[in-house]
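Trainee: Here it is, the structure, as structure tokens.
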Amino acid sequence: MAAATALDSLPAPLRSLRLKTKQQELLLRVSALALIYVLAFVVRLFSVLRYESMIHEFDPYFNYRTTLFLSDHGFSEFWNWFDFESWYPLGRVVGGTLFPGLMVTAALLHRLLRALSLAVHIREVCVLTAPFFAANTTLVAYAFGREIWDSGAGLVAAALIAVCPGYISRSVAGSYDNEGVAIFALLLTFYLFVRAVNTGSLAWSLASAFGYFYMVSAWGGYVFIINLLPLYVLVLLVTGRYSQRLYVAYNSTYVLGMLLAMQIRFVGFQHVQSGEHMAAMGVFFLLQVFFFLDWVKYLLNDAKLFKSFLRITLTCVITVGTLALGIGTASGYISPWTGRFYSLLDPTYAKDHIPIIASVSEHQPTAWSSFMFDFHILLFLFPAGLYFCFKRLSDATIFIVMYGLTSMYFAGVMVRLILVAAPAVCLISAIAASATIKNLTTLIRTKSKSPQTVSGKSSGSKAAAKGAVDQSLPFQQNVAIALLLGAFYLLSRYAVHCTWVTSEAYSSPSIVLAARGHNGGRVIFDDYREAYYWLRQNTPSDAKIMSWWDYGYQITAMGNRTVIVDNNTWNNTHIATVGRAMSSYEDEAYEIMQSLDVNYVLVVFGGVTGYSSDDINKFLWMVRIGGGVFPVIKEPDYLVNGEYRVDKGAAPKMLNCLMYKLCYYRFGELTTEYGKPPGYDRVRGVEIGNKDIKLEYLEEAFTTSNWIVRIYKVKPPKNRS
């Protein structure tokens with residue numbers, strides 16, 4: 001009464017602002033979503049605040065360079081661009097060998113900002129594209145969670161994915177890679193498809209197809225979608241959940257999505273010819289059979305006759321399908337699975353057959369510690385969420401269960417795919433957290449009712465039982481309060497962990513290195529940019545640079561020089577040739593470099609600073625990749641009793657190969673640690689075995705301040721006498 005009197009005493013304009021319960025809920029929901037949206041964006045800005053606005057890693061530099069070209073020259077020139085500065089002397093057809101979604105998105109955002117009279121450099125747009133789409137992903141996660149469960153689960157899912165380290169790892173500011181927009185497209189496609197299945201709406205189905213098209217344009221991970229959707233449809237068919245809604249949703253999404261995806265030059269006819277896409281086509285035809293059988297069953301209206309017809313139809317379908325698959329494979333129309341696809345099904349395949357795939361760190365199997373590092377408490381909420389989903393089975397919960405289980409399997413096979421599993425883990429964990437909190441709060445709000453006096457023996461016993469329940473209610477409520485406080489504590493620890501991981505682990509650009517000094521202060525190593533600046537200012541504009549493929553994109557984008565190989569890795573033989581040169585004696589390597597018109601050689605060395613991701617640690621992969629094409633290169637020649645060494649006990653070929661000489665040239669004169677002999681390698685923890693290195697065919701051109709990047713000039717051939 002007092003509250004009502006106080007409200008009535010307010011002025012009329014303020015009294016009109018009183019909201020109904022539903023309006024209050026809507027206001028709180030919108031406010032929470034807005035805060036989550038801002039949080040998702042801001043938490044990814046650590047690298048910009050700590051360093052500066054810059055592009056991270058290796059691949060993003062190619063994406064930035066192509067976006068700059070697109071912004072300056074237009075889409076037509078970009079789509080038909082032949083890049084002479086990469087893969088010399090082969091070059092690269094850029095438009096037909098990339099997924100353009102990321103570049104087009106950033107270019108459109110840049111044009112939009114310019115149209116709004118905001119003078120922003122294209123680099124700043126590229127740096128902030130991933131955080132912007134990560135914030136948008138929280139909105140999709142909310143809508144998806146609400147579609148699967150309820151609005152509470154949607155809000156929790158949005159909050160969890162906003163700070164989930166498994167997603168933040170590839171969406172921080174400066175991480176201008178395909179995954180920055182692809183995870184948004186992935187989740188959007190799944191949400192629209194589930195919405196289409198739930199409603200049977202053609203509009204939602206077509207929207208799902210356009211979401212799939214955006215995913216195809218952005219990242220090769222679209223293969224996960226085009227295989228998960230048919231698997232989901234197949235499960236629904238097997239479990240007797242076929243419906244007209246499912247028929248409309250899948251057929252519309254598949255047909256329109258296929259036609260749109262084929263417009264991407266890098267995909268083209270692979271969508272109807274590649275073995276990786278055949279499952280989707282097979283389920284499409286299977287759905288037509290189901291629709292036909294459903295129609296025949298309605299016409300016949302005779303169970304016995306329909307069973308006979310069903311038996312004949314299934315026999316014909318299986319026979320025709322098997323023949324079509326066999327003939328298509330034998331004739332070469334259906335291409336086999338790619339090496340990356342095989343490596344997902346068999347984790348040992350790449351190591352045994354395609355070492356260049358196995359050499360990439362993000363293609364390695366995932367350690368258990370990585371799951372805990374990237375998911376924290378979600379790793380324990382995930383099984384609980386699966387339990388709640390199975391408890392309330394529907395078409396939507398079946399989909400999220402399948403998405404969660406399949407993505408977690410692939411995340412275990414390849415560490416990079418934790419990124420794909422992150423949205424599923426957040427959604428399923430949100431269901432567990434939301435349902436648990438809702439049950440606990442319902443119990444806490446329950447009011448005890450004293451049993452009424454009733455006549456009769458049976459009524460008396462019921463009242464006694466009810467009284468016993470009411471007497472235990474306070475204890476249950478106390479337990480519920482304790483559990484609720486525990487849940488909020490764990491979620492708060494999750495938030496703290498995510499913030500710490502984002503700040504310390506995922507916000508360090510690999511092009512600028514940082515370490516702690518002896519006094520605890522931060523020491524910055526800016527050697528990469530120093531080396532690329534030197535290349536740009538001190539070498540001829542047509543100079544050809546040979547390095548391991550990891551640094552190709554950065555050299556081209558920042559050094560503005562032609563490279564022999566880069567991160568595209570489309571030509572294994574060309575990369576193997578570079579690996580052979582690095583693994584050979586100097587005179588043999590010189591002949592290879594002359595055949596490739598190499599002017600400078602760039603190597604990365606961490607023996608002075610303790611930087612472990614240097615070329616000496618990558619060298620065995622150069623040997624394996626080179627030996628895979630050129631049998632003259634044999635890995636055992638560089639090992640001693642199966643052990644990789646760089647000290648006095650190292651193999652003779654190791655001590656005299658080009659890579660060893662370029663990394664350790666003049667290093668034997670240098671004292672790196674107090675109390676250690678000259679030539680002490682701080683990464684390997686040993687004194688090098690060959691200190692008296694002489695170069696005959698190359699000469700040192702430049703070494704950065706901390707010796708991390710070393711550049712050598714290839715001497716011109718001597719005149720014939």
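Glycine is no exception: its Cβ is also placed from the backbone N, Cα and C atoms.
Straight from Swiss-Prot, here's the annotation block:
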type     : residues       : note
TOPO_DOM : 1-25           : topological domain 'Cytoplasmic'
TRANSMEM : 26-46          : transmembrane segment
TRANSMEM : 130-148        : transmembrane segment
TRANSMEM : 151-168        : transmembrane segment
SITE     : Arg170         : site 'Important for catalytic activity'
TRANSMEM : 202-216        : transmembrane segment
TRANSMEM : 222-238        : transmembrane segment
TOPO_DOM : 239-243        : topological domain 'Cytoplasmic'
TRANSMEM : 244-269        : transmembrane segment
TRANSMEM : 278-297        : transmembrane segment
TOPO_DOM : 298-313        : topological domain 'Cytoplasmic'
TRANSMEM : 314-334        : transmembrane segment
MOTIF    : 359-362        : motif 'SVSE motif'
TRANSMEM : 368-390        : transmembrane segment
TOPO_DOM : 391-396        : topological domain 'Cytoplasmic'
TRANSMEM : 397-413        : transmembrane segment
BINDING  : Arg416, Tyr553 : dolichyl diphosphooligosaccharide binding site
TRANSMEM : 418-439        : transmembrane segment
TOPO_DOM : 440-471        : topological domain 'Cytoplasmic'
TRANSMEM : 472-492        : transmembrane segment
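Mind running through what each feature is packed against?
Mentor: Long-range contacts of the transmembrane segment (151-168) within the same chain, counting only residues at least 6 positions beyond its ends with a Cβ under 8 Å from a Cβ of the stretch, are 29, 32-33, 36-37, 39-40, 43-44, 134-135, 137-139, 141-145, 183, 373-376, 378, 418-419, 421-423, 425-427, 429-431, 433-435, 437-438, 494-495, 497-499, 501-502, 505-506.
For the recorded site, Arg170 (site 'Important for catalytic activity'), the DSSP three-state label reads coil.
Counting only same-chain residues 6+ beyond the ends of the transmembrane segment (222-238), those with a CB under 8 A from a CB of the stretch are 186, 189-190, 193, 212, 215-216, 246, 250, 253-254, 257, 261, 271, 276-277, 279-280, 282-284, 286-287, 290, 341, 395, 398-399, 402-403, 406-407, 410, 420.
Here the topological domain 'Cytoplasmic' (239-243) has long-range neighbours at 200, 290, 294, 395, 398, meaning same-chain residues at least 6 beyond its ends whose C-beta is under 8 angstroms from one of its own.
Away from its own ends, the transmembrane segment (244-269) comes close to residues 79, 95-100, 193, 196-202, 204-206, 208-210, 212-213, 216-217, 222, 226, 229-230, 233, 236, 280, 283-284, 287, 290-291, 395 of its chain (Cβ-Cβ under 8 Å, at least six residues beyond either end).
Listed by sequence, the residues of this chain that lie at least six past the ends of the transmembrane segment (278-297) yet keep a Cβ under 8 A from its Cβ atoms are 226-227, 229-231, 233-234, 237, 242, 246-247, 250-251, 254-255, 258, 272, 306, 309-310, 313, 317, 321, 325, 334.
When pLDDT is averaged over the topological domain 'Cytoplasmic' (298-313), the result is 73.
Sequence-distant contacts of the transmembrane segment (314-334) (same chain, six or more residues past either end, CB-CB distance under 8 Å): 273-275, 278, 282, 285-286, 289.
Here the motif 'SVSE motif' (359-362) has long-range neighbours at 414-416, 618, 621, 624-625, meaning same-chain residues at least 6 beyond its ends whose C-beta is under 8 angstroms from one of its own.
Under 8 Å from some Cβ of the transmembrane segment (368-390) lie the Cβ atoms of residues 160, 164-166, 169, 397-398, 400-401, 404-405, 408, 411, 415, 418, 422, 425-433, 435-436, 490-491, 493-494, 497-498, 501, 505, all in the same chain and six or more residues away from its ends.
With a cut-off of 8 Å between Cβ atoms, the residues of this chain six or more beyond the topological domain 'Cytoplasmic' (391-396) that come close are 147-148, 194, 197-198, 236, 241, 245-246.
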Trainee: Any residues 6+ beyond the ends of the transmembrane segment (472-492) with a Cβ under 8 Å from its own?
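Mentor: Apart from its flanks, the transmembrane segment (472-492) reaches 377, 433, 436-437, 440-441, 443-444, 446, 448.
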Trainee: Residues sitting near the transmembrane segment (26-46): Cβ under 8 Å, six or more positions beyond its termini, same chain?
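Mentor: For the transmembrane segment (26-46), the list is 19, 130-132, 134-135, 137-139, 142, 151, 155, 158-159, 161-163, 168, 171-173, 498-499, 502-503, 507.
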Trainee: Do any residues of this chain, six or more beyond the ends of the transmembrane segment (130-148), have a C-beta under 8 angstroms from a C-beta of it, and if so which?
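Mentor: For the transmembrane segment (130-148), the sequence-distant neighbours (Cβ-Cβ under 8 Å, at least 6 residues beyond its ends) are 33, 36-38, 40-41, 44-45, 109, 154-162, 167-168, 170-177, 180-181, 183-184, 187-188, 190-191, 194-195, 198, 396-397, 399-400, 423, 426-427, 430-431, 434.
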Trainee: Using Cβ atoms and a strict cutoff of less than 8 Å, what residues sit near the topological domain 'Cytoplasmic' (298-313) while being 6 or more residues removed from its termini?
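Mentor: Here the qualifying positions are 289, 292.
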Trainee: Roughly how many angstrom lie between the C-alpha atoms of Tyr553 (dolichyl diphosphooligosaccharide binding site) and Arg170 (site 'Important for catalytic activity')?
Mentor: 18
Trainee: Would you kindly give the Cα-Cα distance separating Arg170 (site 'Important for catalytic activity') and Arg416 (dolichyl diphosphooligosaccharide binding site), rounded to the nearest Å?
Mentor: 9
Trainee: Which residue among the recorded positions Arg170, Arg416 has the fewest other Cβ atoms within 10 Å of its Cβ, if you could check?
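Mentor: Each of the recorded positions Arg170, Arg416 was scored; lowest Cβ tally within 10 Å is Arg416.
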